[in-house]
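**Student:** Structure provided below as structure tokens; questions to follow.
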């Protein structure tokens, strides 16, 4: 496989300048520095804490610091069963996050209500409250699955046109 080096169209531009758009650079930087706020409600939160430990080392992907406040975060990870009483709080946390913001639904309870979906007080999926960007299935999903979801979100942020659905 031959590699061809493209020359700039304008001879005035030197070879060591990278031509890009500001949006592409911002999306690249955003994708490599998520600041997650966690909203752990059940056993999925334990797996989320395990993903932040030394064994899985999510710091190598740029997600090492979980933020204590939604005002400092751009990613919300909802892990566990969301009850009807907790739904307004989830919405309020989402609204307090600065734009751009993303949401990951972690676990079958957050995605669809899980085994408690028939209960009178369980929300059948967090996507009825806030828009969800990535779903991480499982009961409880392993830390590797959460890392896979974070990498999928990274791809979505770098190239937002691929994820647009009309």
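The backbone N, Cα and C atoms fix where each Cβ goes, glycine too.
According to Swiss-Prot, the protein has these features:
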type	residues	note
BINDING	43, 44, 109, 139	[4Fe-4S] cluster binding site
**Student:** Return one of helix, strand or coil for residue 139 ([4Fe-4S] cluster binding site), based on DSSP.
**Tutor:** coil
**Student:** Looking at Cβ-Cβ distances, which residues of the chain lie under 8 angstroms from residue 139 ([4Fe-4S] cluster binding site) while being 6 or more apart from it?
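**Tutor:** Within the chain, residue 139 ([4Fe-4S] cluster binding site) has Cβ neighbours under 8 Å at 107, 108, 109, 114, 115.
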**Student:** In the structure shown, which of the binding-site residues 43, 44, 109 has the fewest other Cβ atoms within 10 Å?
**Tutor:** 43
